[in-house]
């Protein structure tokens, strides 16, 4: 050890020295009332890293290095070092910083007798008894001889006090333990488990020692991510074991041999030390286990839970062990000979403190701020049912590290994290032929958004049942069953806890991510089975994006993505993903960065492809998932609060508000004006007052439930911003929930050119079309830029309709194009707009699903049974499968039938018997009458002609009452009513509308299904 190579961390040294003195003063009973204590540092008599004496560990913990042939003598509030000249020079900076707390003595200049006189040992001196047997060297022998010769003070063993010092932690020590626990958990899941599964999958041979080396290399890589002052290392050599007769379930100290991994029972035990503080984890993985092994493993998990339940302050360790042992004896006495002689131990500075072993002999008590490793297992259990000789006995082990809190009101916190239930730790090997069937089956699954996937999975979970090849409809039904099960579970939970008075503090998504409450996958086995090589996949179910990096898919939770964009570069399309990092917009700190200040965060990822469709689809799905998560979090914050339209706070001074000029507002009289973005809302300012117009119109951000941006396309000449509100606004004499600001591209072009198109030649016509396209792109950019500023100012997320998923339908009186967004189903181009928030929908029912019909209807039943259902009629049958897939992605339960139902009567029946209504029950819920077999398809054809489209009177009423906007007049851009209360009778209006529609259909040769099939017009909709 050269002087140049050793640099002491002075801050850490004095902090830990003060910690020793505080422990000494606060717990005198542990220290035996000593006046001073001594710790020797010599050469170890054993090469085992687990057999190090407390004095050596204390020296390394305090100084950061092992100082051999050095005596540390602690006296009240000062420490004396008795060492050689070389080490005196190394320790000298400590004296210079605080001479009152540190004294150095060179044993070449002062004898041992004089040294003991200078330190004034007192009447009682604490010693570490094991030093005498574990330290070697002539200088250590002379020192122990000197202590034996002294009779002027009493020598008391303080080994227990030093052990307690190492297992009780506070402050930054707890953070170091959490970091070590996180790293060792990741090493188990991402390195060992992934490598193990790959080895079994590929049927390769790989020795235990190689697995251990790979884990050690994985941990060493964290040194690069940590700051230069942090030390990350394995606490002990990783222990990987498999095969009968090869198991050693010591707390630590076993080794990984050179035998190849056996595909039977596999045990992995890992430990990581972060800045001197250790965490340990162990798991057992079973390949093709027998029924007996499954039962024994489940019992082991019960024992684990029993130990965890008894980890309470004041409980004796031998009592905890006896409770666990009695559980085994009561459940399966034959396992007692195989039960380990301990169920845990304390750890911290060392990976195992034998003085705090939880066995039947140790009477130490659990204390606050102690770290405990639960370590339970069965060793060499015979299993004669297995034909493989290496499976005819097995061992089981589970271990995790926990932090005991300052009181028993709060349960211990797990510092390590890994699944241990049997289904997650057991595997079965499938045949190769089954694998090919599985791949074909999974490739036909449309329930997840699959960008591109490739996976050969021979290793599957025991819990997964692979059936025959299923078609897309079977997979949709399977997904519906999963949705139904989830709805049933959620309903039961709500039924058990209806106390709305309890307020739970809500954490943001970033805080949940930092705390570990939000994650993508707990193991690589949870990855979607449909992954394809070098292609992006968005897993809506797990809210995760999987990016192909270096030949493997790496998951990123959607909440880590800040934004995503797409650009064209020569022949390539580039998808750029920006992630949240240390510092967010407007100086906001990123919660994971606060919790893990030394971590390195990925800033961006760029993907390049010659196929623009794949990346375009990825862009859409990522934005959809991201906006859905953001909207959900926003709704959680504001749920249950009534939004009232207050006063608008204007932006004044040098910071002018963002403006969008030359836009129209609807509903209301058609008038042009400017839309402004102020501090807490939007204001529309008309260029001039129009008689009967609304004048200035304010919309507060707090009143906006959903915001939409729709760009102008080749099919749509309107670019607009639309706002769906919590509380309706009064415009004229009517209230409206939807307010739009728009510009018509063609009209704007005419205003700019000053004339309507009167092309005299083909070239001029082409030039005008080019200018019109340029204007359309310009307006799209302006509206998009304004929406971005509104998002930043008002903490909103604008949604855009997915044009590739749009379909024709009739929500009101005329057919329009409807398209889903992240959270809604909308039709925005024509007024009245149609906006259906999906979080208000309980179920969807497809009606008129008959063989031979070209159209069908959809009924959306809302969660609030006091509201009428929402109907969308006359949808092309070709869109049925696409709509089902979309509803599956939105996790909405749907049904289908051949007839239109009287929903007003159904909802009234439900409301009258609400106490006994269970919507997801098989015999009392929706399934009881909506999930019937379609046996009515064989009815008389003549009856079908009459029943093709015949909604009930109540159904017609309900579907037309969803939005109040539909009651506005058709003329003058849905102008607000004037003061006159007189008007045309409803019956006359209905007749005129029918005549007009009939004439229009006849002109364009368009007839309904009923007219084509039954040669007679459909029955008209009933009046209100």
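Just so it is clear, glycine is given a Cβ too, placed from its N, Cα and C backbone atoms.
Curation plays no part in TrEMBL annotations; they are all automatic predictions.
Segment annotation: TrEMBL labels region 'Disordered' over residues 487-509 (candidates 487-509, 510-532, 533-555).
Among the residue ranges 358-382, 383-407, 408-432, 433-457, the one that TrEMBL annotates as region 'Disordered' is 433-457. Taking DSSP states H, G and I as helix and E and B as strand, the domain 'Histone chaperone RTT106/FACT complex subunit SPT16-like middle' (807-897) has 16 helix, 43 strand, 32 coil.
Per-residue pLDDT, averaged along the domain 'FACT complex subunit SPT16 N-terminal lobe' (8-162), amounts to 83 for this model.
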